[in-house]
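Remarks on the structure that follows.
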Amino acid sequence: MKEAKQRPEMTRTTQLAPLLVAAIAVSFVSAAAASNTTTTSSHPSSLQVLLAEVSRWRERHLADPSSSPPGVRANTVAAWVLSFLAASVSSAGGVGGGSLFLPILNLVAGLSLKRATAFSSFMVTGGAASNVLYNLACAGAGGRRLIDYDIALLFQPCLLLGVSIGVVCNVMFPEWLITALFSLFLAFCTAKTCRAGLKIWRSETRGGAGAQSSKEPLLLLPPAGSDAEDGGGGGNGGAGGFPWKDVALLVLVWLCFFALHVLIGDKHGKGVIKIKPCGVAYWLITFFQLPAAVAFTGYIIYAKRKKHVVHSQEDGKEDLVGATMETLPSLTFPLAAFVTGSLSGLFGIGGGLLLSPVLLQIGINPQTAAATSSFMVLFCASMSMVQFILLGMKGIAEASVYAGICFVASVVGLVVIERAIRKSGRVSLIVFLVTAIMALSTVIVTCFGAQDVWRQYTSGAYMGFKLPC
C-alpha cells in the first residue's frame, strides 16, 4: 500500500519539470504580448515594471567585458564561489557539473549562453581531471582501481565524433534554439535525478543494505568495508597492473581527432596547412572523422572479443564487458557514445549525466560506473575545450581560472562531502541537493532565455542558423 502511494508521487515529480517549462514559456509569451501594449497604456502593470527592471539588470551584467572597468567585478567573484560549490556538489553526486555551471556563468557571471558553453567545457575538463587523478592516487595507495578501461575504449571514438558534431551545431544553432534545447535537457535531467533520489531514500529507509545496493553513481569511492569490489569492474576492475596499452590506445584516438581539428584550423582557416573555410578540403577532413571513428570502434570490438574468448578458454570465466558485448546489439555502445558526445559539444557539458545511467543499465557496479564516467568525461570535455579554442574562442585566461577553481573544488567535494555523507548515513541528501539546484536552473535559464529571445525578436536581430565557419 505504501509503495502504491509512492509511485504516483514519483510520476507527478517526473512530469513536473517539463510542465513547468511549458508553463513558463506560455507565461513569457503572454508577458511579451502584454509588453507590446505598453505604449498605449499610461499605467504599466506591476509585471511590466518587473520585466523592465529585470531587463535593465540583465543588460548591465551582459555588457561587453571589454567596455567594463578594469579589475574583477563583484558578480565574477560570486560566480567563482558558486562554481566552487557546484563543482564540490557535482563531484560527490556523480554529476559532471555542466548543467550547474551554465546557469552560474549565464546568470551570475553575465556571459551569454554561447560563451558560457565554451567556458563550461573548461570547467568540466578541470573537474574531470581532478576526479581521475584522485581516483588513480587512491588506487596507487593500495585501493582498488575502479576505472574500467575496456568500456572507455568502446565509447571513446564515437564519443569524440559526437563532440565534434555538437560543437559545430553550437556554432550553427541560434541562441533561442540552444536555450530551448538546454531547458528541455535540464528538465529531463532534473526529473531523472529526483527519481533516483526517491529510490535511494526508500532504500536507506528500509535499511543500510538496500542503500548500498542502489545502482546510482553517488560517490567515486566505495564505502569502507563494502563489497563493491566484488563485481562490475570488468576486466580492469581488479588490482592488477596499470593497463598501459589501453591508455595508449585511448590517447592515440584522442590525438587522431585532435590532429584532424588542427589540420582544419580555426574559423579563419589558420591551421597547419592553409585550408579555405567551408571549402572542399575543409569538409573532406571534417567528414574523415566518421570513418576514423568507425575504424577505431571496429578494431576495439574485434580485439576485446578476441581477448574475451581467449580468457574464457583459459580460465573458464567470463568478464562482464565481454559478456555484455555478446548479449547487447553491436550498435548499442557506439550509438550511446555518439548521442552523449553530441549533447556534450552542443551544451558544453561533460556528458556524465548520460554516461552513468548507460553504464548502470548494462550492469556495471555504481562506483565503477562513476569512476569510468569521469574518465571518459575528461576526454570528451577536453576535446570540446580544444575545439572551442580552435574556433576562435575569446577569454581563454578567464576560462582557465574557472577550470582551476573546479579542479580544486572537485577534490574538496570528494573528500569533505563524502565524509559528511558517511557520517549522516543519508547519501540521498546530496542527490536531492543536486536536484534542487538543477530545478532552479531550469526555471531561471528558461525565464531569462525567453526574455533574451524576445529582445532579439523585437530588435530585429538575425535569429536564424549560421555557417559553421
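Glycine too: its Cβ is placed from the backbone N, Cα and C atoms.
As recorded in TrEMBL:
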- 77-105: transmembrane segment (TRANSMEM)
- 117-137: transmembrane segment (TRANSMEM)
- 247-264: transmembrane segment (TRANSMEM)
- 280-302: transmembrane segment (TRANSMEM)
- 335-360: transmembrane segment (TRANSMEM)
- 372-393: transmembrane segment (TRANSMEM)
- 399-417: transmembrane segment (TRANSMEM)
- 429-451: transmembrane segment (TRANSMEM)
Spatial neighbours of the transmembrane segment (247-264) far in sequence, C-beta under 8 Å, 6+ residues away:
149, 152-153, 156-157, 160-161, 164, 271-273, 275, 282, 285-286, 288-289, 292, 296, 300, 379, 382-383, 386-387, 390
With CB pairs under 8 Å as the measure, which of the listed stretches 77-105, 117-137, 399-417, 429-451 comes out on top against the transmembrane segment (372-393)?
117-137
Selection from 77-105, 117-137, 399-417, the stretch that has most Cβ pairs under 8 A to the transmembrane segment (429-451):
77-105
State the residues, same chain only, that lie 6 or more residues beyond the ends of the transmembrane segment (399-417) and have a CB under 8 A from a CB inside it; answer 'none' if no residue qualifies.
79-80, 83-92, 97, 101, 105, 118-119, 122-127, 129-131, 134, 219-221, 393, 430
